[in-house]
Amino acid sequence: MSIKSDKWIRRMAEQHGMIEPFEPGQVREADGRRIVSYGTSSYGYDIRCADEFKIFTNINSTIVDPKNFDEKSFVDFKGDVCIIPPNSFALARTMEYFRIPRTVLTVCLGKSTYARCGIIVNVTPFEPEWEGYVTLEFSNTTPLPAKIYAGEGCAQVLFFESDEPCETSYRDRGGKYQGQHGVTLPKT
């Protein structure tokens, strides 16, 4: 398995619709102001956070159970900036829709701009032939409220291509998050 370059990422996005919308360069400024960068980098793609959020709350004082998750544990929010309460988290989604080729697996890492502020971005790998908007998890590890900016970079996707196609892809096995739109809660 080898990591793929900016040239490969551009070709796959432009000719095969792997990333939509796609930014072929690196954007660091918008409307004359500095932003958290997004777009194609040397060996990855910096994804953006959309303006849809689900902010975790303990209003219902329930037990967090990934097999039986209570939707009422979240407050829906739409806006350019999301404030995550101290020691809490929020879910969001990418602005980009992904179509992962059968021979490719991705790994996604949070951007250091957020990590250096105690905000951790977690995303699981995008498996071969998975497609959809990516659900993002932002953890505020600090004792203070934390800001997340919609429309700006939040994590980097690295693309790895195998020497041979997998026997069974995510699509083949009917993965539960295939084709997801919006912020998707846990499913079992």
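Each position is counted from 1, following the chain as shown.
Cβ atoms are placed via backbone N, Cα and C, with glycine included.
According to DSSP, Lys111 (dCTP binding site) is assigned to coil rather than to any helix or strand. Non-local neighbourhood of Lys111 (dCTP binding site): Val36, Ser37, Asp46, Val121, Gly153, Cys154, Ala155, Gln156, each in the same chain, at least six residues away, with C-beta under 8 Å from its C-beta. The dCTP binding site feature in Swiss-Prot is assigned to Lys111, Ser112, Thr113, Tyr114, Ala115, Arg116, Thr135, Leu136, Glu137, Gln156, Tyr170, Gln180.
When other Cβ atoms within 10 Å of the Cβ of Glu137 (dCTP binding site) are tallied across all protein chains shown, the result is 17. Annotation comment: Swiss-Prot describes Glu137 as active site, proton donor/acceptor.
Comparing the binding-site residues Thr113, Thr135 on other C-beta atoms within 10 angstroms of each C-beta gives the minimum for Thr113. Other Cβ atoms within 10 Å of the Cβ of Tyr170 (dCTP binding site) number 21 in total over all chains.
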